[in-house]
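Encoded as structure tokens, the structure appears first; notes follow it.
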């Protein structure tokens, strides 16, 4: 690589538009030094990702097997890529056998792909196809420098271009040679007075003969190219011999068309013809048979497509039927659950009605209790106490000492409850001081018991929410003493919640 100077800051070696080597150098071969990592058979790659993956897999497998890299010399030419093992020469050994040192050799047209690893630019590889087995083989190499690997890859790519140009030149030269030969044959044929065919007729006849040979399709495996070249060689020989052979072929059968006579001219033996195609079979019939065969193949393919679509529709119908059955099973399960819930609800309604009938039978007023009343009602009617009612044990009144001495509240008494829904209010009318002895003789005190009234909906009229109730209940137990003075034991609460009792 030329060194960069002050006026040469651009490296043309990395420019893909500029060729690396002269095209004449590929005739002799361009040599590179590298290290051979290894080779493995790979399936036909479809993308660069698969190629890079195969390259890395080969590297890791050979590294795991502890196989050392070999120093090789890579020769790139128009003949192909040749890999030769590089060894030091011994002093006594003047020459060596190149076949023993040859590692591999692949022609250019069999090389499938050449590239380097994007992660490690020193690693490059090419994939070649084996001519005998058509197996793709990946060969991995490693160079000393990244630039060297890039030059090798670009050199192999340039060898493709050079071979393509050479093939185009060869085809053009062959075409020119054929045109020159035809012009010479035309000039020779025009000088022969006994010749009946002109040059244009010969060209059309040759075209018809070649078409007829292709239409015959001789069933000889592997000899299609040889048969075609042999026919062309016979045609050239006929043109060189002159018109005597053609006249001798055409004159015994003056009424026979040219197309039926041409296979006899080109094909040496009649045994190579198919048994179904005779000399009198017209060419159009054969083409019609080919057309019918192609139409039949097309119909078969369409039938296969239709069958595949039918199978797909059947699968879709089966999936939809399974989904529908599953949905029906779920709906049936939901219906059963709904039925059980309805039965349970009807049972609850019957129980509620029985409770209402029992309560209405005990009620003297005949009022109908609501569901909320039945829910909150217990066996012993609870008592609701206000926060302002003083507690009985904290009262210090000498007037009530004798009256309360013989009064004891049982455990189930409404007066022994704190969390209750009955409101007791006591009020007393204190007589003058001169009448206090009369009260001590056993006159009853005046008190009041007020029950909370319920609406038909079951909601209390005085306390609208449960939160207020709970707050007031807490305040009853923590605030002032209750105002309950005395309730006689012989008096009982009413049966109905709508009644007010005054004692």
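Keep in mind that glycine also has a Cβ here, set from the backbone N, Cα and C atoms.
According to Swiss-Prot, the protein carries these features:
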COILED    318-359  coiled coil
DOMAIN    26-191  domain 'PID'
MOD_RES   183  phosphoserine
MOD_RES   187  phosphoserine
MOD_RES   190  phosphoserine
MOD_RES   262  phosphoserine
MOD_RES   367  phosphoserine
MOD_RES   370  phosphoserine
MOD_RES   397  phosphoserine
MOD_RES   413  phosphoserine
REGION    170-212  region 'Disordered'
REGION    491-503  region 'Interaction with NOS1'
Original post:
Within 10 Å of the Cβ of residue 183 (phosphoserine), how many other Cβ atoms are there?
Top reply: 11
**OP:** Could you please provide the mean pLDDT value for the coiled coil (318-359)?
**Re:** 95
Original post:
Any idea what DSSP makes of residue 183 (phosphoserine), helix, strand or coil?
Top reply: helix
